[in-house]
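Q: What Swiss-Prot lists as active site, proton acceptor is His97, and the listing cites sequence analysis. Under the heading heme b binding site, Swiss-Prot lists His259. The region 'Disordered' annotation in Swiss-Prot covers 1-26. Under the heading signal peptide, Swiss-Prot lists 1-16. Annotation source Swiss-Prot lists site 'Transition state stabilizer' at Arg93, citing sequence analysis.
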Amino acid sequence: MDNPTDSAGKCPVAHGNTPRSRSNRDWWPDQLNVQILHQNSGRADPLGQAFDYAEEFKKLDLDGLKKDLHALMTDSQDWWPADFGHYGGLFIRMAWHSAGTYRITDGRGGAGAGQQRFAPLNSWPDNVNLDKARRLLWPIKQKYGNRISWADLLILTGNVALESMGFKTFGFAGGRADVWEPEELYWGPEGTWLGDERYSGERGLAEPLGAVQMGLIYVNPEGPNGTPDPLASARDIRETFARMAMNDEETVALIAGGHTFGKTHGAGDPSFVGVDPEGGELEAQGLGWTSKFNTGVGRDAIGSGLEVTWTQTPTQWSNYFFENLFAFEWELTKSPGGAHQWQAKNADASIPDAYDASKRHLPTMLTSDLALRFDPVYEKISRRFLENPDQFADAFARAWFKLTHRDMGPKVRYLGPEVPAEDLIWQDVIPAVDHPLVDDKDIADLKEKVLATGLTVQELVSTAWASASTFRGSDKRGGANGARIRLAPQKDWEVNQPAQLAKVLGVLEGIQKNFNAAQTGAKKISLADLIVLGGAAGVEKAAAAGGHAVSVPFTPGRMDASEAQTDAHSFAALKPRADGFRNYIGGRQFMKPEEALVDRAQLLTLTGPEMTVLVGGLRVLKAGAPEHGVFTSRPETLTNDFFVNLLDMGTQWSPAAGRDGVYEGRDRKTNDVKWTGTRVDLIFGSHSQLRAFAEVYGQADTKEKFVRDFVAAWTKVMNADRFDLV
């Protein structure tokens, strides 16, 4: 057989494993990345498009699975022995780190797709040796197959670990379907592990990031940049946990609850540890961090480099964490691996050894643990938990459930018999449908009533878009269901044009009130439905004005959430700083406008063509800032004029003097200004792939296709949060 690496037989595909393999992004690193719109598109899914995980999960023998997981907890393996004879601490850390990447700023990260299996997360320094945890689980995953996803299994195993050590959990919901390729997420600007170029000014952490250093889940347990300062650590903890949507009480409960179990690993110098899983050789088979320190496992294991066991009963739920935290004064010391940690003064050796029952050690803590005592706010909460163990247990159970379910969206997505009955405000509760829904005749009549009010296409379309486009496919939050656009904070967002919004909502509420009052039975229409229906009426009117008769699909069933069901502070995270679909920029930005457009399109689960057709349609319908990007002489008519005029070689573009981010399109012959546009508008003529999409919609023979595709993409956004329709 010929040598496959001979120059005459080089593979024509660039695999990225030799110096000759340079991607387009290597050549043009600042090029707009549109590929994130097509990741996890389904072509890489070995289960196929027809696979329905929710249906498979219903077939799962959950009791049998949990029984097997309970047995695994104490089935210590020689190749990776269990600390204290119990894998509970390891599996809690695995589940925590699967969920703990979640960040509220953009809803990305979290446990929802099982991304811990893939790079870069599988090789983050903070995830050291979690590859072993997942390998311990493989026989169980192999046994139960497609009825339990890796994403669900990682979290369920953490729950079972807690239960097996005497803790009563709040519940568990399945429903996390696996993906089959790594997500392209912005984890930070650094090019080295544990770099912290993400900070500016006085400890200002860049957004949307949620960790202090590249490759960490939250904070450095030794203290900021390894400086053992508990108060400085508290500042980092408060910031990073808040970015994960946790308040101070939840933060204290999570840290203390998690550190009630298990231990850290720092038996020797980290220099003994080999490369991470993704950088390993073929024969390593995806396992990394092989240690050459003595046996490299068990008592000789090296992970974080810290060597801390927090409690006297590391395989049983207790209140020892707080008892130890406040019982002793603490002195700075170093682990055998050289990491900063703290040791109790004048204490008895009461902490068991993980592998020798005859040995005892002095109590130890991390710098980040001592933050719970020396920060005045955390200290008050910690003392309350010390004195009220039942409150601590309840707070940890609830915070753990929130941690592991935060990115799953509304309860309608929860699966299984262990779903808790209680509604929690962070679940963005929407009332269940409690009345008959409108039928086709009602829908037609309501459309006529909406159009008869004199509300314009622009007003109807922009209001519906504002309501629906808050949806985030990352954590399944936002969307039109609930009609929260009428509540604080959304009703006051500048991007939603509050004065116009109040006018439109007032008119629609009048129609809703009159319709509901006129019914002889219990039939009703919610404002959430009527907002979307009004948008559909506006789109149909605009299409008709352009010579296209279309019917925009509409499915009733949305309900209206109340103020009591809405955490206004939490919803503030959904406020767009930029919305390229509406040509809006407001506030401090952390990406270019065109990058923000693609970012929002990805959150809306749109493809490149869907994003393109929506921008073109929304521009001519004047759904956003009216002064830029409206490349048409017949606004509020659904046409492909945006693309026709953008691609017109009779127009020459140049930056507008004194107007940052604004461009003027001038007639090449007369030099008269024809249009003004933004970076978001011009990117569809500048970026080669987006231009290819734009050219399709700018062709003379695709006017009908443009309208048809716009309606389809519009409907997709309007229904993005209709999990009841899936």
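Quick reminder: no glycine exception, Cβ is built from N, Cα and C everywhere.
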Q: In whole Å, how far does the CA atom of Arg93 (site 'Transition state stabilizer') lie from that of His259 (heme b binding site)?
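A: Spelling it out, the Cα of Arg93 (site 'Transition state stabilizer') and the Cα of His259 (heme b binding site) are 10 Å apart.
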Q: For His259 (heme b binding site) and His97 (active site, proton acceptor), determine the Cα separation and express it in whole Å.
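A: A Cα-Cα distance of 14 Å.
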Q: If you skip the near sequence neighbours and keep only those at least six away, which residues in the chain come within under 8 angstroms of the residue listed as 'active site, proton acceptor', Cβ to Cβ?
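A: Once residues fewer than 6 apart are set aside, the residue listed as 'active site, proton acceptor' is near Gln116, Asp126, Asn127, Leu130, Ile217.
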Q: With every protein chain in view, what's the tally of Cβ atoms within 10 Å of the Cβ of His259 (heme b binding site), excluding that atom itself?
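A: The answer is 25.
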Q: With every protein chain in view, what's the tally of Cβ atoms within 10 Å of the Cβ of Arg93 (site 'Transition state stabilizer'), excluding that atom itself?
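A: Counting Cβ neighbours of Arg93 (site 'Transition state stabilizer') within 10 Å gives 24.
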